[in-house]
Amino acid sequence: MPLHIDAVILAGGMARRMGGDDKGLVELNGQPMIKHTIDRIKPQVKEILINANRNQTRYAEFGFKVISDEHSGFLGPLAGMLAALGQTKADYLLTVPCDSPQLPMDLVERMLNAIETKGADMAVASNGEQEQPVVLLMKPSLRDSMEAFLKAGDRKILLWYAKQNYAVATFADQPNAFMNINTLEEKQQFALDQT
């Protein structure tokens with residue numbers, strides 16, 4: 001029986017570096033940035049959730065369930081991950097940011113392979129030089145650990161997953177796959193690079 005893998009696209013942040021604009025809805029090459037992410041991960045998972053704390057109606061137009069953080073106050077990506085872990089019945093949950101339009105088409109396959117090779121509970125993606133802490137594949141059983149971490153007042157993903165049994169899935173062959181678009185300048189540069 002094949003594994004059931006769901007994904008959550010994290011679009012719940014404040015987007016300070018994007019001038020406060022909701023990053024997932026910012027146009028990139030003629031379509032909202034989140035649409036690029038959806039197109040990359042949809043073939044790899046069973047269901048997609050979108051974590052958003054504003055503009056939920058607009059996000060719902062993409063045809064996926066929209067969930068908000070369980071805790072108020074824009075507590076960062078872990079809060080969105082926690083909300084998704086409470087919604088999924090999957091064997092694994094993939095977490096990705098809404099502002100990475102070039103995610104690998106073999107992301108889930110390679111992350112799952114890293115988990116199985118190490119016997120880990122989760123995997124974090126790496127571009128070969130640094131880990132990408134928002135790009136995780138994890139077992140939903142990690143929810144209690146994540147919730148306790150947040151309740152203790154911690155928010156840094158790196159500190160949380162460092163306490164877990166995790167593997168690293170390396171994508172050195174795709175070094176630009178995890179490029180984030182955080183500013184209007186980066187958006188303009190990405191558009192130029194695509195022409």
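Each Cβ is built from the backbone N, Cα and C atoms, and glycine gets one as well.
Just so it is clear, the model here is predicted, and its values are computed rather than measured.
Residues LEU10, ALA11, GLY12, LYS23, ASN51, ASP69 are recorded by Swiss-Prot as GTP binders, and the candidate that the same record lists for that site, out of ASP99, ASP106, ASP121, is ASP99. GLY12 (GTP binding site) is surrounded by 28 other CB atoms, counting those within 10 A of its CB over all protein chains shown. According to DSSP, LEU10 (GTP binding site) is assigned to a strand segment.
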